């Protein structure tokens, strides 16, 4: 593993008990899950663990939104005919949204193409935070006071659960993800006149703000309980020969390529051979992963966030809330999109699954 020199190092005993070897970024998921369950059920401070979930506004937001989306999503998937139109309009967007939205929903509808706005915000926000992380861990520059003030407000009770290398690498991958999506929105995607509502629009901004803030809330140098400073990588060779990290970087790149190729195929459905847009209709996509599932781009996004969670070593509590949101929302969207394709296209391939090849 990569070794880091820590000057003025003081590692909290609680962090040591949670993380075991603080230099090891990749404990097993099985072992970590057992520790979490054991701590919650049997530890003396189990009450504090539950209280801490709601002591931080950011964690409370994740838990609340995840709970609401889960309940409403399962409601729509299981008994859609019993779901009020305003609930469908608030949850679904684009081609999946109700054809006859209520007057209130029509008043707050905006073009789906405005997705580009929160990818632009996310790319800029992540570029700023990646610069802060790089300067802190490599150049030993202090975290700006405004960044710490923001973290103190949204995540007041936070502790270190990951190491410097995992933080820097994950921050780089998140920036790559949002920058690529911004590029795709501008140059690859071809939008119809589909709509989203303002609630979904602002939720997009909240999501990308919360993803980065959640990551940094448990990173060294950003936590209230962490007194370490002066992280300096021993050598570039240590990073290059970080076998486990290199494997998960390749996994991330594979998922990103899958994501990109899927959006290229969807965009090309509306273009001629010269690249000119000739239609905005929703046609049946074919090729690559579309031969097996209806929504490979949703599966790819899940894989991307799993890769980052693995790089974080399964020890980042906040990221588990992020990952739950990504998995449930993408599976829900995949199932609804698959159902829509089968209803609209009678010739839709019968063997094609929704989001997991041969399974779901």
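Each position is counted from 1, following the chain as shown.
Including glycine, each Cβ sits where the backbone N, Cα and C put it.
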- prompt: According to TrEMBL, which listed range is transmembrane segment: 178-197, 198-217, 218-237?
  reply: 198-217
- request: Among 15-35, 246-266, indicate the range for which TrEMBL gives the feature transmembrane segment.
  value: 246-266
- line: Of 142-159, 160-177, the range TrEMBL tags as transmembrane segment is 160-177
Field: Considering the transmembrane segment (160-177), which listed stretch of 82-98, 118-140, 198-217 counts the most C-beta pairs under 8 Å
entry: 118-140
